[in-house]
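In TrEMBL this protein carries:
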{"type": "DNA_BIND", "residues": "30-49", "note": "DNA-binding region"}
{"type": "DOMAIN", "residues": "7-67", "note": "domain 'HTH tetR-type'"}
Amino acid sequence: MAKQAFRHTREEILGLSVPLFATIGFDGVSMRAIAAAVGVTPAALYHHFSDKEQLCLEAVGYAFMEKVGPLKSLLVSAVEPWSRLEAFVIHFTRMLAREKDFRRLMQWVLLDSNEPRLQSLVDCVFRDLFNALGNLATELVPGRDAHLLVVSMFGLVIYPFETLSVRRFLPGYTDQQEDPEVIARHVIGLLRHGLGAGHEEKS
């Protein structure tokens, strides 16, 4: 029984629990349901994680670092700033198009009203990438509000995916607009023309 209970590693448990949190959120899933889906006993699950809170935080961190973590290197390389931003937007857009569970998981995070949990996620998971993109934004347009620029950049990339089920019925929609390459080119063009043209206006 002990061998069966502990046959999954901590990393495997995190990877298998991500789709559950992505599908029904923190409040919708129990530790017993996670244990059943992963294929371990509840006791084995509690051996690795003290409670659902810890498991959720680590699952989000695991998914974020696996999918988005490698993109940070694109922001801090030695190449020209606009080239860094373009590379980040392209790879980030491709990843979002490919990883539906990750997109759903991030939507649940944004809907979460538990402030201590959100603070932990910011401190342990999101802050480094946000700061890296903020530093790049400052390089591109010194004097602007880097915080709002970063939020806007993320929004420009993420929102086309979040609204896909609705915008298919809106005027002007085409199948081509679901192509991540089309979305990336649109976002890059909007950032280049919008940020560059308004450089003299301080927000």
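Even glycines carry a Cβ here, placed using N, Cα and C.
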Q. Taking all residues of the domain 'HTH tetR-type' (7-67) together, what is their mean pLDDT?
A. 90
Q: Using DSSP, tally how many residues of the domain 'HTH tetR-type' (7-67) sit in helix, strand and coil.
A: 50 helix, 0 strand, 11 coil
